[in-house]
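For reference, the structure discussed in these notes is given below.
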Amino acid sequence: MMTGFRLNLSPLKEPLGFIKLVEWLTAIFAFGTCAGFSGRNTVSLFCGDGRNDTLSANFHYPFRLSLVPLIEGNTTLCNHTVGTTYLVGDASSAVEFFVGVGTVCFLYSMAALLVYLGYMHVYKDSDFGPILDFVITAILVFLWLVCSSAWAKGLQNVKDATNTDGIDATVAVCKGSNVTCAVTEFANMRTLNLSVVFGYLNMLVWAANAWFVYKETRWHSQKFASQSGPGRQQVPAPI
């Protein structure tokens, strides 16, 4: 059996190879739209004496909000001394899981494309390659569903912790009867919202790819053969 590299671009014209290229791109968009994010919300404190104070809520990937100081040291706000105060919440496990799955899919797509374009003759020569490809693809479909759902919930927690209600619950002085706190400038989280969309899009693309990979396995060929076998029986010639 010849196992050497044979460059053949024809798989890119077929669903099996073309979808792998799409998966490679969507994986980049998924983790690229959330990894490295940095944002800032501006919090305005309206004091009862007509004076206003301002706070900045700076947060960034991987969103360990409980380590992000909103107020440092003993700061005077609206004539009240406030100690060091941190934001509430931690979405790091969800977003790092999401980025991790995206990175694995990015690398696997490249490896699969290398096999499709250079070793397709080896891939189709045995049952092992297609079956392994199908099992890994099915697992990645499930992982995209789980990590996208987890990150969607984590992103909502980040939004809740950095909006007006979250700041009111975090900063002690905001609970005073004569002080009103409000987030007056919000960070642009459009890319984070897109990352969730790309996560579910990846799940759909990989699910579609699972069907085309399944068609390369012996399970599909055996099922097809058993279904079409009776139809190939010869009809007795009339006497």
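In case you wondered, yes, glycine gets a Cβ from its N, Cα and C as well.
Marked as domain 'MARVEL' by TrEMBL: 11-218.
Residues or ranges marked as transmembrane segment in TrEMBL: 21-39 (among others).
Residues or ranges marked as transmembrane segment by TrEMBL: 97-119 (among others). Counting only same-chain residues 6+ beyond the ends of the transmembrane segment (97-119), those with a CB under 8 A from a CB of the stretch are 3, 5-9, 11-12, 16-17, 20-21, 23-24, 27-28, 30-31, 34-35, 129, 133, 136, 140, 143-144, 147-148, 150-151, 195, 199, 202, 206.
Tertiary neighbourhood of the transmembrane segment (131-152): same-chain residues 34, 91, 93-95, 97-98, 100-101, 104-105, 108, 112, 123, 195-196, 199-200, 202-203, 206-207, 209-210, 213-214, 216-219, selected by CB-CB distance under 8 Å and a gap of 6+ residues from either end. If you look up TrEMBL, you'll see 131-152 (among others) marked as transmembrane segment.
The transmembrane segment annotation in TrEMBL covers 194-214 (among others).
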_Arithmetic mean of per-residue pLDDT over the domain 'MARVEL' (11-218)_ = 94
